[in-house]
Structure formats: C-alpha cells, structure tokens
Amino acid sequence: MVVDEGGSTHKLVETEERHQLQPAQIKFVKMFRKSKVADGTSVGQVGFKKKSRVPGVMITQFVETLPEGKSHPDFTRKPIALTIQEGKFAFFKAIVTGEPTPTITWTRNNGDVSDTSRYNAKYDPNSNEHTFEMPNVQPDQADTYKCTAVNEFGQAFVTVILNVIEVGFKKSKAPEPVPNATDGNFTTVLKRKSKIRPKSEQTEKKDGEIDPKFWELLMSADKKDYESICAEFGVTDFRWMLKKLNEMKKEREEEQAAFVKNLSNLKPINVNGDGTASFELDMDLLEPSSHIYIYKDGEMVPYTKELGEKMKHSLKQVGRKFVFSMKDLLPDDAGLYQLDVEGVTMFSTEFKVPMVDFLVKIQEVKAIEREDAVFECVLSNPFSKINWFGKNLPLEQGEKFDIEVSEDKLIHRLVVKDCMVVDKGIYSACAGIKSCNAWLLVEPDKNAGKGKKSERKTTRAGGSGVDLLQVAQEQQAKLEKQYEERKEIIKAAQEVAAAAPPPETPAPKKAEPAPEPSAPVETIGKAMAGNVSKAGEANSSPIQLEGAVGEPSITGGLSDIYALRGTPLELTVTMNIECDGAWFKDGEPLSSGGGVTVLKEGLTHKIRFASCQEDDSGVYRFVAGELSTQGKVTVGDVPEFDPDDLHKFSKPVVVRVAQEGLVISWFKDGTEIKDGGGVKIVREPNHSRLLFKDCLRTDAGEIKIQLKNPFGEVEAVSRLIVLDRPGPPEGPVDTVETTSTVIEIKWNPPKDDGGSAVTHYIIERQHARQTLWTKLGDVTADKTTFRDRNYYGWSDDPLWPSWSPHYRECFEDLHPPDLDSPRGHTRVPIVGYLLEKRKKDTNQWVAINAVNEPIEDIKCAVKDVTEGSEYQFRVSAINESGAGDPSPPSEMVCAKNPNMRPCFKDPEDFMVVRAGNSVRIKINYEAEPPPEITWLKDDEPISSWINVINTEGMSQLVIPSSKRSDSAVYTIIAKNSVGQASFDIEVRVTDEPKSPGPVEIEQTVHGKLLISWAPSPDQELDDRLYYVVSQCDSNNRMWKTVADRLFTNSFTAINIYPGVEYHFRIFAKNDMGLSDPSHSPPWGVNNNRVPIPTNGLKSTEISFERPPSILVPLKVHTPPKGYQLFMTCAVRGCPTPNISWYLDNICINSDNHYYMTNSFGVCSLYILRVRPKDSGEYKVVAVNSFGQAECSTKLIVKE
C-alpha cells in the first residue's frame, strides 16, 4: 500500500519493467508474495502470478476470480530456441489458449520487428499455430525474442533465443563485441585455443615441423593407437612424444576443468548401418547452458539440437551422453572433427573416407525356415573387413552369423545361419561411406508337421545372381595393371636418384638437419612406404618377397637393435644375388660421412658407425628395387637415477628414473620384494614407488632399488626406519627425598625408544583418595629425576577444584564464561586457570589454553566452536606446581548466532490426505530472535477453525477433520528483525474414487473392440484421477491389466479372436487407490447369438458373398527424400479380393523397390527410402468375382 501526502491510498504493483515512483510520494511499501503484475496493467490494477504447465511461461491474471467459461492466456506449446546458419529460413511456432481469444505480439530485446521484409507473423486457424518467420536470417537478428499473449483477464509471455552462425566463420577471427549481452552471449563465439586452422589459413610447413593435427589426435586416442598415429605422421622419437604429450594433456585437462566436471567414454567416429556417421562421449557440464561448437578441419559446422533431422549435422544429448551424427555422407566429409565447450577442445577424432565402392550390391533373399541365407557383394578395392548390420544393429562373427572374405579381399559374404521368422528384416553392408541394403524374407516350412519344429536344412538361399568370381578377377586384373604402372614410375625415379652425383662435402651435413631430397627420391620414399608397409612386410627379418626364381630377394634383413653410446656399430643386409640398393634413415636418403660409412661387399650391404651418438637413433631402411627391410636403432646409456631424487632417497622411498622401458626390482636386506602381504610396488613410466601398508618395527632394514635395461644396470641403497611409541620407563620409581613441602622421585630410561631418541618425560600425580591422574609437568630426556614442591601431605589442604563456570551469552564463535575462585586455601598463590571444553556426545576434554599460559581473569572468551553444537566447560586452578583438579562440568550450552534470518529445515512440499482424516503439517525452522509465524491458504488468511501450534523451532498446522475443499497450497511465513522466509506446501485431500459408469463394447474393425464407459463422479473433482482396464477371456480365465493411466473414457482392445468370450473391468484410480470395478457385458460369438423363433418356417441359407469395398482409404503423404514410407488401407470382400498396386496407372506389384503385404484385408505398401521419382498417384484396386473397388492418393517427395 502506498499513502501519498493527500491521504489517498493506491495499491502498489511491481511489473517486469519497474514503474518509476517519485521518492516524495512514497511513505510505506509492503510487498506481498505472488502479487506482482506483468506488463499491460494499468495504474491501480492488481495482478496475480499463476503457474503454467509449460516451463518458462510467465502468467499474470488481472482479476482475482475468473468468470465461468473465461480463462487467462496460456501457452500449450512454446517457441524452441534455435541455432541456424546465416541465410537460412528461421521461424518460431507457438500455440496459445485463452477465452476470449488473446492477442499475440512478437518483440525482441535489442531491435525492432516492424520491418515486414525481415519479420512476418502468421496465424493458422486450422492448427491454432502462431508463426513468427524470418526469411534469409542475418547475424544481426540474433537476439532474445519475446512472445506475449493478452486478453482482458490476463497475459502470458515467454522468451526464446535465436543464435545465428556466420557463413565462413574462422576460428582465428576475434569475436565482435555484443552490446547489452547480459541476456546471454548467444552471438559471442570464444576464440579457440586449438592450433588447427582451416585449409585456407594454413601456411606451408617448415622442415621438421609437426602438424598440430598430430597432437589433437593423440590427446583423444587410446594408447594402443599411438604407434599407428606416429607412423602416419612420421614421428619416431617416442620418448620425446610421450613427454610432450603428458605436458599437453595436463594443460588441456586444466582448461577442461573450468567447464566440465567429468569426461569419459570417448568413442571415435564410425559409419553406422543406416548410412550415417557419428561419434559420442559422456560429459558432465558444470553449466548446462554452456555453448558447444563442432569444427571440421578448423571450420565451424552448423547444427541444431531441435532441427537435427532437417540438417546434415546434428548433436543429440541423452542425459550426460552427447552424440554427434551426420547423414548423406560424401568424400568431402573426411577430416578432423573437434567438439569444443566454450572454446576449449574436449574431443578430437578423424574421419577417413577410403576410396571404395560396391561393384555388386547385396540382393533380397527369400529363405525357408531353418535354411541358411547368404548376402554377397564385390568391392572396387581390397578391403580387409566391412561392417555388416542387421535391423540397424552391428553383426559379428559367431554362432548365428558367418562373415567371409575372399583371398583378394574383394568378395565379402554374410551368412545368416538357421534362419527363423524373427530374423526377417533389412540387412546392410557398409564399406567406408558406401552402403547397400536388402531384405531377408523368411517363409515358414510348409513340410513341417503341425506343432513340430522343422529339421535343420543344409541348403543356402540367396546370393547375388551373378558370377562374383569373374567380377572379382576382372577387378583384380585392373588393379594389377595400375600397380605395374606405378612400379614403372618408381623404377624410373630410382634410376634418376642413382645417376645423381654424390654430395661433395658430406661431413658437415651430419651436424645440420638433413636436406630435403629431390623430387624423384621423395617419390621413391613415399611409394615404397605406401606399398611395402601396406603389405605388412616392414619390421620383419629376414624378409622374402614374392618373385620368380632368379629374381633378387633379401636373405638376411634388419631388426631392432640397442647400441651403447660411444661404441662402434654395423648394420648388415644380405641379398641372394648381387644388386644395388639404397639406405634411408627416417625416410631420408643416407650416404657416407660424419662418422658413418656406407659400403657394399658382394652380396652384403653395410652401414658402419665409428662411435654411436644420440643422433644416430632412428629407423633405418634398405631398399633394393621393389624389396625393402627396416630396423630401429636405439642409442643409449646405462640407466641412471635423477640426482635430486637420489639425494632424497633416504627419506621418502620414491626414486625417479631418467629412462623408460626398464626392469625395476626392489630388495630388502638382500631379498627381492614381491607384491602382496601388505607390500605394493607401483611402476609408472617415469618413476617407481614401494609402499608398505601398516608398517611394523620388523619392516625396518636396508632397502635397495635396482634398474636394468639392455645397456646395463644400476643400484641405490637406502634404509627404512619404522618409528613407534617408546616403551615404559624402567621401574620401579624410587623416592630420593621426602620433606613436608618437597618430594623427589627417580626412574630409569626405557629399554625400547621406538626407533627415535626420547625427547622428554611426562610426570603425573594421583592423590591416594582419588582415581584421577593430574599432569604436573615435563622433564627433558637428559634427566631422570623430578622434584614436586607442592607436596603437603594429608595434614594440609590440597588445591580444591574451582566452582562450575557460568554463562552470559552464547554466540557462534564466542563463549564468555565467568570463572569463580577455587574453594579452600593453599600455601602457594594461584597464578591463573586452565579452561577445558567438551562437545556433546564425546568423551574428550580439549584444553582452551596451555598450562604455561594460564587465564589470569575469571572471564574468558572461547572461540573455535561449531554453530548448532552443544558444549560443556570445566576449570582447573594453576599454581607454580601445576594445575589442580578440574571443577564439576557446567550445563550444556548451544553455540548459535543471536542474529539469524529464519530458514526451514528439510520441509516437505506435497502431502496427500484421505478425506475425514486430520491434516498435520510440521515445519521445523531456525531463527534468532524467535520469528513471528503466519500461515496462508492460497495466499489468503486461514480459517479460524484451523489450529496453528507454535513451539520453539517448530510450527504445526492442524485440520482436525479434512474435507476436499481443504485441498490448497498452504504457505508458512517466518519473519524476525533480521529478515523473513516463506515456504509452500501443497495439500491434496481426496478419497477412494467412485466406480466408473456403465461400460459399452463396440466392434468397428475385425480383431479390435472399442470399450467406452461413463466417467466416474469424482473425475471433475480430482485432476489426478485416471482409469485402469483389465481383461479376462474364456481361454485362461485370468484377469490381466491391458491399460493403465488412461485419462480418457475409451480404450481399444486388440487381438480379439472369434469364438472366444471376453470380459472387461474398468477401475478409477487416484492417489488413494482403486475404486470398485465396473463390469462390461460379455463379448463373444457364442454369447451374442440370439435364438430366432422359426414359427414353422424353414430356414434358408444366407450368402456372405459381396463385391469388394474400401473401409479405410489411402492418405496423402509428403515425406522428405531418403525417408521410409508406409501406405495402408483396409479392404473388405467375399471371396477375398486380389489386390493390385498402381503408380501413375502402371502396375508395380513385381517391382522389388516396393514391399507389399495383405493381412486380413489391411493392405500395406512399404518403401525403404523414397526417391523423387517415387512421387505420383498411387492406386489400390481390389477385384473378386462380384466386382471391384479402388482408392487412390498422392505421394509428394520433398527435396
């Protein structure tokens, strides 16, 4: 309420756009919950916030009570956020309800929508859809759009975001500043940290530079794939690669941790059976609204989650799993794909498209039950393995399927063994991005006995119908011809390389990077790497290639070898005949010079190293014509320890080693240590760790680590010392001196010091009449005597305990108890007090101060307490001899903040109560000072007969005998001087529902029954009421539930067979349970026969023969290109009519492109993938001896 200076009052309303109020006019403002009014209300008009069933919709009702038959606006379908490429057609759709019909307006946050050439709002009265269209969308149209529906009783609005991807977007392009981007940075694209650049921006690589694509693939690949990736990019220094990869992974993980909680199950991109390619990963986003981008070779890939089926690329999210897929695959789709979150790369995978196609595709197979079915195909290039799919599921070699490949790897077969009817379906073969599919039809065995299983057949059905062997031989001859042409090119290039003059100054070239070879030599290296390696003949020794007698061959090849640094080395290759050859190191030609000598002695070709150095490591390859052999040379030293870690070896038993691939052994007192029995040895790439679990004193001893590799071994020794508590001092304790004021005692050191020297002794004293031991002080380890000057004997008064402490206030971090002086008198003055605390449910007393730091005052502020916990305190007096006995403990006191805003503790927000029972809502809260409690029912004060019971920390609302009218949203408001809090509890008062009304049964289609019933009288009173249908038939006499959670008053039962009697029961169900059932009349042939009196007349035969008729006609279909299609109609006639299908008046019954069925008059036409030429007029003609009937429809295939 607002009161101005003139004394008149006005109701205060708060809108989304805050109305400006003059400070001089405002005297007092009181805020009411759920009393905010949205846009469109006039001054003084009150609005009520309402909830919509659609999330994200804001509703404001202008009147408190709606007239009968009227309603405020609401959205039954809201617009969906859209990310779309520049230049595409963008649109939002919404469906709005309300009486009277609301007015719809579209606006945007940062712009105007009045330009009809760019924005167009439409309404379809048939579908009740409001559409907001933006043809040829541009980046400046990316914004937050708002749809508002208004009528005289209220308004509703919803916002939606449009993201526009710029065409030709480059990752290196800096994001442009977005004005007023607080509503969501939907047009801001973060600059990615990946080094992958689009092909148009890539610069020429320098000699020795590694493609950044290499590192991106390694960071997302499995360790088993490291070797193949390194071979593809020509990386041979694996030690350097692993070291750098670990550094990059650590940096990448730190970047990912800013946006992702967990990243797992990375699956590389693969081609699926439906012709699409996809990759997936599991990712927990810290912010679900984080932007996700997909890149291909550095170029952003446009996609949308909502319109994924209409675009080539789509990204779907199911829980924490993200699946990126693309359809209509082409060779241009090959490349490196990356998924980024807010500019940080999460996953990288490479999609390779092999150059292969199907020369012969698989064909449809019709098999008899228990017979084998065969699918065959021929490829254009050898392929070791293709992917087979059955019903979109991958197939593997096993008991059910045989996958066969010919020796030339051109012919591929899939054998489906022991076919059953369930094996019927579509099977497909995928090679690269090419695929083909065909149907497998399984017919029952007519020769099998009724009710018996037919015998297993040895015949095979199917095949391609052509001579696959001949097709494969022709293709093989074509490939061999291409291979011979390539060999001629290689031979010519080799001759040019052999005729080239040797370098004049070979020695200096050893220290410099190897020069780039000439074009012919480079061609040789690439050709040999592409042919010999692919044949699987690299890294083998000895190597014998195919060839006729007399042709050259390698009898002694290269192998991997380890060489010690500084020692000579010789590599030797032996041929069967004398011929020339060339040496290569890491793909580059090698010649004499710089300590390396290349020579030939008869049939032997050699390389000699005078003194091996680190630069001599690498892969050496010898090439002689079409033959080659290779081996890896590794130059190294005897293993060594890291000097820093070796220096620290005597402390923690962790030693880092400077090399990898070592044999690491641990020894204790000369005996090798094995895993198990509380001992664990951890071996990792760059260090080893020895762990002892639950160490004992017997585990102490000499520990030795030994490192061994092919070059030698090295050892390091340390000692393990296990520390334990020292043993008790040797007794007995002797009394050296005793007077009226002093007592001196003496003892001997302990036998076992626990592995460490004794630092001090602790002296405690116990009075003869008490059981409590009191600490007197500490004595250093170099003394074994102690003098107690506070010893008075039993004739004097001891130091009596103090009185219990008292409390004034209690805060979260501060307890100030008052301490009283001790009772009794002592001869030594008191220097202070020792204060101790104990937490509730514990037995440990914790000292607040040390004995040598006594509390001189009788007041103390205690810190380090936990809010909400209870504590006890006790005090001991201290004199120069030590602390006396503690006082009796104080009462328990709770630590809490004296100024705390109210908060509720674990309340329940929903409650269901049976009508007539009492309703009890208990709400626990915390607040200081105690709050004022207020209860509301649907935002109105509660009735006087509703009881409210308030106690400390709890408020309870009680309705003694509840009625259905008590169903409402109850609100509790707790308010004190610090602030206020509120909470809503929905209470639903209901009862077991009443039975539904009479049940009727009607048969509209053969095999189906339409069951309808009158609604339960409680249907209008309970919006959570639904129906359950049970069925019983004369075959099994068992009731079973056939439908549940029905919110309608009808149900269609299927699989209804003639000659069987059926009964149905209908239940109404709500939160309280089931109602009594309503029974249907029996349905069946025998029960529904009505006897007809003959009255002496003779019966005549009735003929059921009739001409064909169309019960359900065909419908119009407009599927997109490549989608599957079903056409269905229902036909009746006796005798059963023959069905023919026509496309543009041409019969298509024998066309294999269409699959047609006729099941009890339901005629179906199935097209696996529709094509543009499938468009046209389809017609079904049913003909029998009494006539014919036909129906037609049109099929329009969208491009």
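Heads up, residue numbers simply count up from 1 along the chain you see.
Placement of Cβ uses the backbone N, Cα and C atoms for every residue, glycine included.
Automatic prediction, not curation, is the source of TrEMBL annotations.
The domain 'Ig-like' annotation in TrEMBL covers 73-159, 898-990, 1107-1196. Positions annotated as coiled coil by TrEMBL: 469-496. If you look up TrEMBL, you'll see 496-519 marked as region 'Disordered'. Under the heading domain 'Fibronectin type-III', TrEMBL lists 801-898, 995-1088.
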Residue counts for the domain 'Ig-like' (898-990) under DSSP, helix then strand then coil, are 3 helix, 58 strand, 32 coil
Looking only at the domain 'Fibronectin type-III' (995-1088), what is the mean pLDDT?
87
Using DSSP, what is the helix/strand/coil residue split across the domain 'Ig-like' (1107-1196)?
3 helix, 56 strand, 31 coil
Across the domain 'Fibronectin type-III' (995-1088), DSSP yields 0 helix, 42 strand, 52 coil
